[in-house]
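S.K.: This is the structure I have questions about; it appears just below.
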Amino acid sequence: MAKYFGTDGIRGEVANSTITVEFTQKLGNAVGSLINQKNYPKFVIVGQDTRSSGGFLKFALVSGLNAAGIDVLDLGVVPTPVVAFMTVKYRAAAGFVITASHNKFTDNGIKLFSSNGFKLDDALEEEVEDMIDGDFIYQPQFKFGSYKILANAIDEYIESIHSRFAKFVNYKGKVVVDCAHGAASHNFEALLDKFGINYVSIASNPDGLNINVGCGATCVSNIKKAVKEQKADLGISLDGDADRIIIVDENGQEIDGDGILNILAQYSDICGGTNGIVGTQMTNMSYENHYRANKIPFIRSKVGDRYVLEDLVKYGYKIGGESSGHVINLNFGTTGDGLFTAIQLLAIFSQADKPVSEFKLQGELMQQTLINVPLTKKVAREDLQKVASDVNDVEKRLGNRGRVLLRPSGTEPVLRVMVEADDKSLATNEAEYLVEKVKQKLV
């Protein structure tokens, strides 16, 4: 079991968890020393979101890397997918992002990309963890690394997207965008300006403390309200580091990551094509049934965009994602990318003269009830055996009307209890039953 890494890097409350200056410096030194051991290029890229703690954590990371003899190129405040993109483009050994994604500003963390722009696999994470727990390694003074800032790094990313999609995007509707006061602030607007989109931007004034507060992809009510007030045709909401996207239609109705994947699947020719779709254990059964009815191969990965990526590579598919809004298209990128997904959607919406609501899967979706149960410590999968009989009882009562999923969070001491059924009250009642059993046996 990983000691430091969760499902998406390392994350926690600043100063009251693993996320300290001391740890971040050791992480930088550990990765730098591993780069030396493997004889990779002695050069990495770093970026950050808008949290107030981002600066001092970044410089702690840089100091550890420089001590190990690694040169650092700092992109400043940029979306996470920009770091992945630039890591590949500049042939860096690794890319780091100081971010806690959709979490509150008091949290922070580190996401880490390998030279191919993919997140680290479990084996490489274990190597990094072993190095963290080892000695701090200094290179001889004449081999210390350098630190440089690359201004306007977003421009190269924007130009890459524009060169591929300019011929497809001719969207005439009015768009509202919610940047979560995060890394997309100003950067997403620059991308939309390049494509000539008519938009109104909200939650794009970061102050270091307001990231994800009442806004962004985990607070969809903000974009729903704005779409109605602006009488807009489309709303696009990103999270703090812009690797997630949720959209709403002209009626203010949410289309989550599952729905976005379905739209991309219908118009995959515009998006580079795919032989199948990868969802996750959380993907609504209605979409799975739809894919199978239309002979579109579909598989479920574990929750976490790096697991989606692993299965995309394993099965040779190109498009996949999560209900939460991580969407990956391997035709053009290597990680969840809210900005690029938005441009793909705008390209699709430009091709047909119909409202966004008509691109959605028609009919009622299966009803999901998801309850997060706080625990005193992270729960291991073997702990779930304590409630296995209770889960079995619920599954028997549901029969073929639904399913159950109990999933420990990879980033915090929380157990996610999800019940899906063809009736909302049934899903809610059974979920609440399981929550009580979890509290009795695991809390």
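Positions of Cβ are set from backbone N, Cα and C atoms, glycine also.
According to Swiss-Prot:
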ACT_SITE  Ser101  active site, phosphoserine intermediate
BINDING   Ser101, Asp239, Asp241, Asp243  Mg(2+) binding site
MOD_RES   Ser101  phosphoserine
S.K.: Which of Asp239, Asp241, Asp243 has the fewest nearby Cβ atoms, counting only those within 10 Å, among these binding-site residues?
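M.R.: Sparsest of the binding-site residues Asp239, Asp241, Asp243 by Cβ contacts within 10 Å: Asp243.
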S.K.: Sorted by position, what residues of the same chain at least six away from Ser101 (active site, phosphoserine intermediate) have a C-beta under 8 A from it?
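M.R.: Spatial neighbours, sequence-distant, of Ser101 (active site, phosphoserine intermediate): Asp8, Arg11, Thr80, Gly109, Lys111, Asp239, Gly240, Asp241, Asp243, Arg244.
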S.K.: Residues near the Mg(2+) site, Ser101, Asp239, Asp241, Asp243 excluded, by Cβ within 8 Å of the Cβ center?
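M.R.: The answer, listed by sequence position, is Asp49, Pro79, Thr80, Thr99, His102, Gly182, Ala183, Ala217, Leu238, Gly240, Ala242, Arg244, Gly336, Gly338.
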